[in-house]
Amino acid sequence: SGNTRQFRNWRDYILKCLLVTSNLLFTVLGLVTLVVGLWGLINKESFAQEKISGIGTDPMLLFTFLGFILALLSLMGCVGALRENMCLLRNFSAVVLVLVVAQVLAVVVLYSLQGQIEDYLHSGMLAAMVRYQDDLDLRFITDEIQTGLQCCGADTYRDWGINVYFNCSAPGVQACGVPPSCCIDPLENGTVWNSQCGVGAQKLDEFSAQSVIFLGGCMGSISRWIEQHSGVIVTVVIILLGSLCLFCTIQNI
């Protein structure tokens, strides 16, 4: 009947809008990730002529690659839904199904190997601190973690004694200090980066140090961040599953 046909038309229209909207959100997320990756490469001057040969091992390429793939996949879903292109939608659904399965497997592995992963992250953090001055990539990642999570060291700011330059027995000016990314306010007058703001911080007791640097270690901050954002992972899985369901319905349009 006419009413039934009209209802189906509205239903199909709403389903298309939902699929397009969800994919637009993922497109934006992909573009943001892509920009973060490119910003990281440029910020570290990875495109400088003398560093071009080592750019293939730059970890920020992972963000760039993931952002590009996510944006491309989401755009494919948008175009497929808008143009009712079943070839694009089938390819889109196949990739989404793989992503959902991969996420479920990742959650299972992370949950079952939680203790081992925490130990690996802890040892990795300490290794990055040891090579802080010698590896530009590790220094960049460590600084981003400490600045973003407002933490210092693996478990405490005194962990930086593991680094030969920040160890209190070191002869240089950095002895008994911490990197500027540990500082609460690493900028002088809000504009100039003060690379000496963490000098001598390890000599301070916690009461005195708390006004200069972040006291908490990054391992605890990482654990809290994961707990606070665990709902995001579930939301992403639900959205991906919803996209699959919408695709299955759109096939019958």
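A Cβ is built for glycine as well, from the same backbone N, Cα and C atoms used for every other residue.
What TrEMBL records for 13-42 (among others) is transmembrane segment.
Annotation comment: TrEMBL describes 62-82 (among others) as transmembrane segment.
The transmembrane segment annotation in TrEMBL covers 94-113 (among others).
Proximity of Cys168 (disulfide bond) to non-local residues of its own chain (separation of 6 or more, Cβ distance below 8 Å) is seen for Gly161, Ala175, Cys176, Gln202, Lys203, given in sequence order. As annotated by TrEMBL, disulfide bond applies to Cys152-Cys168.
Annotation comment: TrEMBL describes 229-250 (among others) as transmembrane segment.
Around Cys152 (disulfide bond), the C-beta neighbours below 8 angstroms that are at least 6 residues distant in the chain are Gln146, Trp160, Val178, Cys182, Ile213, Phe214, Leu215, Gly216, Gly217, Cys218. Nonlocal intrachain contacts for the transmembrane segment (62-82), taken as residues 6+ away from its ends with a CB within less than 8 angstroms of a stretch CB, comprise 16, 19-20, 22-27, 29-38, 40-41, 88-89, 91-92, 95-96, 243, 250.
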